Amino acid sequence: MKALVKQKAEPGLWLTEVPEPAVGAGDVLIKVLRTGICGTDLHIRSWDGWAQRSISAPLTLGHEFVGEVVETGRDVADITPGDLVSGEGHLVCGSCRNCLAGRRHLCRATVGLGVGRDGAFAEYVALPAANVWVHRHPVDLDIAAVFDPFGNAVHTALSFPLVGEDVLITGAGPIGIMAAAVARHAGARNVVITDVSEPRLELARKVGASLALNVAKTSIADGQRALGLREGFDIGLEMSGRPEALRDMIDNMTHGGKIAVLGLPAQEFAVDWSRIVTSMITIKGIYGREMFETWYAMSVLLEGGLDLSPVITGRYPYQDFDAAFDEAAGGRGGKVILDWTA
Ligand SMILES: NC(=O)c1ccc[n+]([C@@H]2O[C@H](COP(=O)([O-])OP(=O)(O)OC[C@H]3O[C@@H](n4cnc5c(N)ncnc54)[C@H](O)[C@@H]3O)[C@@H](O)[C@H]2O)c1
Ligand SMILES: [Zn+2]
Ligand SMILES: [Zn+2]
């Protein structure tokens, strides 16, 4: 089968023939229909420091996908050929304290699909049945392809109750934009989002942000004043990975405010701890998605009318992967989709 592979320990990707994956007794074989390109895939293509430390070639990339089940192992119940599915890309150990307690998103030995083992940028992918999410209701295929980052957005946005609250999101990348849509849909009063990219701020306006602020030109404090906020934001969702964004967020929170941090900074940095302490701010790190409570929330939010369509801004046949990766790396639009059926 065709697969998009990091063949050598150097920059680049190779579209090549690889063997079809083996299907174990507890596995599901999926014919891949569409995939989403993630920042992780861009790191692996460019072969930066993180990729060099984390990846061993050869490796098939990709963890954001939708596909159709074509075969199931003999121990698999409840999933049948023909089912439309996406996959939870965090494969957990099943035996650590958190796994045993059912808190699989807190597993201490998670292996990433398309990072620690061969992934979904291929004509077929095999996954343990416990990692497969069946779409039981009709869902747009492009949206189903990005359930993984949509799950990051939902996990972060629903970390703290936000009905009626004023929410600040730093970073209008694809995940920040999806989080803005979720916060709006879930009943926040104001949803303010920041970025330094005008086209991305424009996408955020399309999904219903109350205010999309270019922080290269205006400050978050100005945004607060424009909305008539007097005491600061109740909820913060950090989705840029940038030190200055988290610092600004902390400065603009209300006393007792709550911050969920998804953005992954490239290195450690300082923040104003005395402000965090004296304002009694809660800061919570977010990794991946809750298995499978976040997935349940994603499906029912879409059923309830959540519209993520503005987030998909690029579509390419898989053969044009280089152009698709270039567009995703450009950082101006939303999610870029590869079609594996073309
Ligand atoms: N914790 C997890 O499980 C997890 C999973 C996926 C992604 N991530 C991280 O979440 C973040 C969001 O992911 P994404 O795919 O949307 O990333 P992205 O890189 O596409 O988006 C980040 C955005 O932040 C903007 N930005 C830069 N400086 C800023 C500033 N000072 N203020 C506000 N915005 C600024 C950038 O212009 C960009 O649009 C990334 O840091 C990513 O690494 C974490
Ligand atoms: Zn991803
Ligand atoms: Zn575990």
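These residue numbers are counts, starting from 1, taken along the chain as shown.
From the backbone N, Cα and C atoms, a Cβ is placed for every residue, glycine too.
Annotations in TrEMBL come from automatic prediction, not curation.
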Candidate from Ile175, Ile220, Ile235, Ile312 that TrEMBL assigns to the same NAD(+) site as Asp195, Arg200, Leu262, Gly263, Leu264, Ile286, Tyr287: Ile175
TrEMBL annotation, Zn(2+) 1 site containing His63, Glu64 - matching residue among Cys38, Cys93: Cys38
Recorded positions compared (His43, His63, Arg200) - the one with the fewest other Cβ atoms within 10 Å: His43
Neighbourhood of ligand 3 - recorded positions from Thr40, Cys93, Ile175, Asp195 with Cβ under 6 Å: Cys93
Where the C-beta lies under 6 angstroms from ligand 2, the matching binding-site residues among Cys93, Cys96, Asp195: none
Listed recorded positions adjacent to ligand 1, that is, members of Thr40, His63, Cys107, Asp195, Leu264 whose C-beta is under 6 A away: Asp195, Leu264
